[in-house]
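Asks: This structure is in C-alpha cells; I'll ask about it shortly.
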Ligand SMILES: NC(=O)CC[C@H](N)C(=O)O
C-alpha cells in the first residue's frame with residue numbers, strides 16, 4: 001500500500017520548497033533534478049544507467065498505472081536516485097504487469113514524492129536550470145534538509161560511468177557470427193546490446209576501464225562506445241582509450257555519452273546544458289537524408305556546436321530541430337560515427353534503428 005497520507009518535502013538547491021506526499025520508500029534522497037516529458041516507458045527510464053545520480057521528475061500526470069513487469073528493464077536495478085510526480089499510481093492494470101510501481105520502488109529502496117505541482121516545478125527548472133535537490137519523507141525539517149543538500153556534489157565533474165559499468169566481461173549474440181563487436185560499457189542500456197546482437201553480431205561487453213590491448217584480444221570488427229551517467233569531461237581514461245581505438249581505423253559507433261567521448265577524443269569540448277533533453281519526441285534532422293526523426297533523448301551535457309562545425313575532420317550528420325544542437329557526427333577520414341540521442345529508444349519511437357544497420361554495414365565493408 002502507498003504511504004498515501006505520509007507527508008514528504010522536496011527542497012531545491014536554490015531554496016525553493018515543494019510539499020507533497022510520500023511514495024515508494026520512506027526516507028531521504030538527494031541528486032541532480034531532471035525531468036522526462038515522455039508519457040510512457042517509466043520502467044525503462046528508471047532502469048537506464050544514464051540516470052544514475054539523478055532525481056527524476058516524470059511530467060506525465062499519471063505514472064505507474066500499467067504497473068511493473070520483468071521484461072521492461074534497461075538494467076537489473078533502478079538507477080534513478082528518487083522520483084517526483086503529480087499522481088504516482090500504486091493501482092495498475094495490464095496483463096503483463098507483475099507488481100505495482102510503489103512496491104517496485106520500495107524493493108529498490110527508491111524514495112519518491114507525489115502530489116507535486118509538476119507543471120510549476122518543471123517550468124521552474126526550465127527557467128532556472130539543472131540543480132541539486134533533496135526529497136524526504138522522514139526528515140520533515142526544511143532547515144535540516146537544506147543543510148544536507150548543501151553537501152551534495154554537483155553533476156559537473158562527476159565520473160559515474162565506472163560506478164554503473166559491468167565489473168566483468170560478458171558476451172551475447174551468436175558466438176559463430178561473422179561479425180564481432182567490442183562494447184565499452186559506461187552504463188549501457190540492455191536494448192542497445194539487443195539491437196547489436198539481433199543484427200547477427202557476436203558482442204562482448206567490457207568494463208569501463210578496459211584497455212585497448214584487452215579489447216583487441218576479442219579481435220573485433222567494430223567498437224561500440226556506450227551511453228552512461230555523469231560528466232564526459234570527467235572521463236580522461238575513456239577519452240585516451242578512444243583515441244587509441246581510433247588509431248585502429250575500425251568502425252566505431254557511439255551513443256549519447258559515447259558520442260560526447262568521441263567528440264572529446266577529437267578535441268571537441270563538451271558543455272553542461274541548461275536543463276538537458278529527456279523525453280521521447282525530440283525532432284532531429286538527418287542532414288544526409290533530409291529526413292526528420294522523432295527521437296528518444298536523455299542527456300544533460302552536449303558537444304560544443306562551434307567546435308564541431310569548425311573541425312576539419314568532422315561532419316555534422318544530425319541536428320536538433322528544436323534548438324539546433326548537434327545530434328550526430330561522423331569522421332571524414334575513418335569509419336567512426338555517433339549520435340547524441342538514443343536510436344534503441346526503449347522507451348520511444350523506432351525512427352532511428354537504421355543507425356544500427358549502418359554500423360553493421362560499415363563493419364561488413366571494412
Ligand atoms: N544517456 C547518456 O549517455 C547521458 C550522457 C551524459 N551523462 C549526459 O548527461 O549528457
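Placed from the backbone N, Cα and C atoms, the Cβ positions cover glycine too.
Any TrEMBL annotation is an automated prediction that lacks curation.
I grabbed these lines from TrEMBL:
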- 256: active site, nucleophile (ACT_SITE)
- 342: active site (ACT_SITE)
- 344: active site (ACT_SITE)
- 50, 228, 230, 257, 260, 298, 300, 301: L-glutamine binding site (BINDING)
- 6-136: domain 'Carbamoyl-phosphate synthase small subunit N-terminal' (DOMAIN)
- 1-179: region 'CPSase' (REGION)
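Tell me what's around each of these sites.
Replies: In this structure, residue 256 (active site, nucleophile) belongs to neither helix nor strand by DSSP; it is coil.
Less than 8 angstroms from the CB of residue 342 (active site) sit 189, 227, 255, 256, 295, 296, 297, 298, 348, 352, each of them six or more residues away in the same chain. Taken residue by residue with DSSP, residue 342 (active site) is part of a strand.
For residue 344 (active site), the count of additional Cβ atoms within 10 Å of its Cβ stands at 25 [all protein chains shown].
Residue 298 (L-glutamine binding site) falls within a strand segment according to DSSP.
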Asks: Cβ under 6 Å from ligand 1: which of the recorded positions 230, 342, 344 qualify?
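Replies: Within range of ligand 1: 230.
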Asks: How many of the residues that make up the domain 'Carbamoyl-phosphate synthase small subunit N-terminal' (6-136) does DSSP mark as helix, as strand and as coil?
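Replies: Here the numbers are 26 helix, 47 strand, 58 coil.
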Asks: Over the residue list 50, 228, 230, 257, 260, 298, 300, 301, recorded for L-glutamine, what is the maximum interresidue Cα distance in Å?
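Replies: With 50, 228, 230, 257, 260, 298, 300, 301 as the binding residues for L-glutamine, the largest Cα distance is 13 Å.
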Asks: Sorry to bug you, but what's the C-alpha spacing from residue 344 (active site) to residue 257 (L-glutamine binding site), rounded to the closest Å?
Replies: 14
Asks: Among all chains shown, work out which of the binding-site residues 228, 230, 300 has the most CB atoms within 10 A of its CB.
Replies: 228
Asks: Counting other CB atoms within 10 A of each CB, which of the binding-site residues 50, 260, 298 comes out lowest?
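Replies: So among 50, 260, 298, the binding-site residues given, the one with the fewest Cβ atoms within 10 Å is 298.
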Asks: Please classify the secondary structure at residue 228 (L-glutamine binding site) using three-state DSSP.
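Replies: Assignment for residue 228 (L-glutamine binding site) reads coil.
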